[in-house]
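Q: This structure is in structure tokens; I'll ask about it shortly.
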Amino acid sequence: MFTLQELKRSALISLWFVFLTFPIMVVKVNSIEKTVQWRWMNVVYVLVGSFVLSLLFRYFLYRKEQQSGEDEQQGDNTGRSLIHRLLIVPKYRNMIYGVLLGTAVVFPFLTSSYQVNIMTTALMYVVLGLGLNIVVGLAGLLDLGYVAFYAVGAYSYALLNYHFGLGFWAVLPIGGLLAAMFGILLGFPVLRLRGDYLAIVTLGFGEIIRLVLENWGGFSQGPSGISNISRPGFFGIELSLEMAIVYIYYLMVLFVIVTIFLVNRLQDSRLGRAWIALREDEIACQAMGIDKIKTKLAAFSLGALWAGIIGVVFAAKTTFINPASFTFLESAIILSIVVLGGMGSIIGVIIGALVLILLPEYLRALSEFRMLAFGAILVCMMVFRPQGIIASIRRTYTYKPRNRDEA
Amino acid sequence: MDYFIELFFSGLSRGAIYALIALGYTMVYGIIGLINFAHGEIYMIGAFTSFTVATILTILGLPLLAIIVLTGIAAVVWSASYGYTIEKIAYKPLRHAPRLSALISAIGMSMFLQNYVLLAQTSDFLPFPTLIPDFAFMEPIAHIVGSTDLVILITTTVSMIFLMVLIKYTRIGKAMRATAQDRTMAMLVGINVNRVISATFVIGSSMAAIGGLLIASHIGQINFYIGFLAGIKAFTAAVLGGIGSIPGAVLGSVVLGLTESFATGYVSSDYEDVFAFSLLVLILIFKPSGLLGKADTQKV
Amino acid sequence: MSVKLNKKIAAVAAGFLMTVALPGAGLTADTIKIGVAGPHSGDLASYGLPTVNAAKIIADKINASGGINGKMVELLIEDTVCKPEIATNTATKLVSDGAQMILGGICSGATKAALPIYLDAGLLVISPSATNPPLTQSGDYPNFFRTIAPDDAQAQLDVDFAIETMGYTKIAVIHDKGDYGKGFAEFAKQFIEASGKAEVVLFEGVTPGQVDYSAVVQKVKQSGAETVIFGGYHPEASKIITMMKKKRLDATFISDDGVKDQTFVKVAQENAEGAYASGPKDTSNNPLAQQAVQEHKDMFGTDPGAFFENAYSAMLAMTSAAANADSTDLAALKKALQTVPVETPLGSITFDEKGDAIGVGFSVYQVQNGEWVELK
């Protein structure tokens, strides 16, 4: 691997990076006082850093290529990840589920309320990811404005709570249904669009919702937001902040379990298969007698439903919302969860959400470098594992020729 | 009527600004079908390089014309290098991967570049030197069209024509079209696809660099975040015009700019973006592949 | 058990090697931990980072001179990105990490989201820049103090200046759709209408970060306004005023504290000439303010950014309250803040019952020859 030629190549690459980063990393000018600051030390950092990284980058790329070559030779089963192989065996599967559930239950007793809080956020994104997975992963409709439905849910709780004093449990279904309605509302005009045109329209839709919330002050209180939203009730008992955090955490654990169960059932249902068929080939799908309009709208509204419900939870958890929480970046993060985890794969999306939401929190140790690292990790993950952490596996039936003697 | 004309030219110059960025977007998309989210950041890096170089040259006391030319060259060289490198790192290994993976990679790259400039330079807004002077002959209509507006309008038009000619008549342009139509087939007829894609990124990024220089000198300030909103708007404009089409990108940008301007002028700037996106949705409903996009017939 | 944390983390990212040394944390028993929360990345980072710098400068100074009553100051710097949901996570993290006082909350929205958590933990919060009036006036957050005047006080001053001093009758009110800018603009509109002497001919929001504001400027021109009152921050303000000059619109420009920043003059250059803005009373003769700016230059090599002086003052008020109270108990700190005046770059300040600083008055400034000059 580390032949002289490779080293030479890396040396050239590092020189290239020195050139590339020169005006940004080395020079810093002050156009008012007309002074120029030359930070020559950065040249050394870039030189050494890019030399090492380029070697690593190409080494991993080389390994990835080797591996994919091997996979093709060995057939499909070995290509499956360890997790899939474990989950196929019921004994292991139940054990894993048991351990996970156990960990989830005792988690708040072992850690601080900060940990519980971010874990709750991560679980919320698990559900959001699973919801978007229906639209993007299963039905293959690229949605860049998913955050709009999340906003609908959050604002419906905030406003109903503010004006009419409605409680969390009463608004939970309302928020979900309202979001689902918005899903259909968005779904109708975009039925004919495909691919990137669909993506930009959904992006526009998401922005429109946010801009209306921002500008229609009389309705949504504008950018200053709505504060003092009540936390979820617990049989009428007033909970302390710490208790409330733990309570919402358990609620989210419950939601996640329910969502996984429902999404799993949905995937194997007639509707779920129709989505997958739609994703693979729209025309063939129609020829098979699947109602395209109904199927697409179902995907949009069901995806939106989950976003709406989590929106309600979000408003209840932070007790304050304003339009700043519902920007395009949020949609991009949820989409990243789905793609990074592995499109269409439920376990993948769960792991993706945990990684992407917990990572920036744990990257806080890197302080100002954390978003830089986050971006770099996103790129590297995609480069080295484009199918996502856990790729979804297609249902396959293997035909085994029967032994002649038996026949 | 005066008011209408004023708004019209406001919209036109805003459209021309979007177009400078949208051209690069649409080229990359046309060739490899990737929404290059980092394109806005390349524009930002072009603006920063211009800022650095222009300031140094001003300190050295060069004449204005020399400053403009040298700054432009530096911005193009560096932005093109960034475009080239980004393609090699973040997109090339993903050629055969699902398309969404490349999109996520692009989003990651965009975040990385923003924070890289933030850390290496500053988070503050920096005053960009005025590179384009007020032309004396423009004074009578300066309240309608400023000098920088004029330069941007001309640059946009020239760039559009240049790119159209490049794609239609030159060798590399033909290779680009071939690659866009069928990458495998292009390879079979002896086109170096990797080189064509690199060239696309280099040209697209150069456009962004020129945009960065002109727009920054029009607005008069830069910071690390300017690429984000400009990128999204330019992308919207490119889709509106029919993504992949060079004249479409310019038309889409102008339509978008005019819509925003008239919406501000006659309704309220509170809702300018709402109007812009609503227009986009409406046009795409009736013309699902944008204003000048080719209707994409589906093979069965 | 004491943990000595002094590790170098090599932050290596795609081609750029940078090393960051985490500040060595001392023994936990002998430190006062001050949380610094604000946007340190993202589009609003430029409003959050100057506060971090101010905190670092003062913490270094205090630690060099033996700490607060012998206790070293340790900073816990956490990013909120100005997003409410991240701000709540940040708040719980700071509380879990044992922060005893909080400097920050840069944006009002994120501050509002985080305050209940700090209140629950009994932590003092001093913000250099959260100007939303209800934060103090609602009485919901007894642990909240700020070294900046609320929006309504400023709006009143600016409106009085426009109507009484300048005698304008047609006023256009523009804002940046943000929490701060729109709040300010709405107060301005309300006060103009209440005065009965002038009318609001235009009330509009502009999108921050937009490439060009010429359409809205044309609209101002069309409305026949004699002056523009702008609510928002300096990047938008300098773009608008530059565009006003380019479009040969000679209405005057009156704005708020978010604009009264030297960066505005630097960026808008000669176009800024003659613009008015309200801001904290002149401190340039205040030796402490000069010293603060100089310290920033020495430590970071640049001029300080937005809200630096407010943050510097907030940090001074906080640390001296801790020194006077000799504890970080909320009640004791509040008492110290409300009774013992502190010399800061903003002048000698104490805090009122609600948490607003007394002595942080406002006056109107004008840009004259590239400098903000206080109008007497």
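Heads up, the Cβ atoms here are built off N, Cα and C, so glycines get one too.
What TrEMBL records for this protein is below:
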- A:12-31: transmembrane segment (TRANSMEM)
- A:43-61: transmembrane segment (TRANSMEM)
- A:95-116: transmembrane segment (TRANSMEM)
- A:122-142: transmembrane segment (TRANSMEM)
- A:170-190: transmembrane segment (TRANSMEM)
- A:197-213: transmembrane segment (TRANSMEM)
- A:244-263: transmembrane segment (TRANSMEM)
- A:297-320: transmembrane segment (TRANSMEM)
- A:332-359: transmembrane segment (TRANSMEM)
- A:371-393: transmembrane segment (TRANSMEM)
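Help me see these features in their spatial surroundings.
A: Residues 37-40, 42-43, 46-51, 54 of the same chain lie 6+ residues outside the transmembrane segment (A:12-31) yet bring a C-beta within less than 8 angstroms of a C-beta in it.
Counting only same-chain residues 6+ beyond the ends of the transmembrane segment (A:95-116), those with a CB under 8 A from a CB of the stretch are 86-87, 242, 245-246, 249-250, 253.
For the transmembrane segment (A:244-263), the list of distant contacts is 104-105, 107-108, 113, 116-117, 119-120, 123-124, 126-127, 130-131, 133-134, 231-232, 234, 306, 309-310, 313, 316-317, 346, 350: same-chain residues at least six beyond its ends, Cβ to Cβ under 8 Å.
Within the same chain, residues 83, 87, 118-119, 121-123, 125-126, 128-130, 132-133, 136-138, 143-144, 146-147, 256, 260, 263-264, 267, 276, 374, 377-378, 381-382, 387-393 sit at least 6 positions outside the transmembrane segment (A:332-359) and bring their C-beta atoms closer than 8 Å to a C-beta of that stretch.
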Q: Which of A:43-61, A:122-142, A:197-213, A:297-320 shares the most C-beta pairs under 8 angstroms with the transmembrane segment (A:170-190)?
A: A:297-320
Q: Do the transmembrane segment (A:297-320) and the transmembrane segment (A:122-142) share at least 3 Cβ pairs closer than 8 Å, excluding pairs fewer than 6 residues apart in sequence?
A: yes
Q: With Cβ-Cβ distances below 8 Å as the criterion, list the same-chain residues six or more beyond the ends of the transmembrane segment (A:197-213) that contact it, or say none.
A: 141-148, 151-152, 155, 182, 186, 189-190, 219-220, 222, 323, 326-328, 331
Q: Take the transmembrane segment (A:122-142) and find every residue of the same chain, 6 or more past its ends, with a Cβ under 8 Å from one of its Cβ atoms.
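A: Same-chain contacts beyond the flanks: 150, 195-196, 198-199, 202, 249, 252-253, 255-256, 259-260, 263, 266-267, 272, 275-276, 278-280, 295-296, 299-300, 302-307, 309-310, 313-314, 317, 333-335, 337-339, 341, 343-346, 349-350, 352-354, 356-358, 392.
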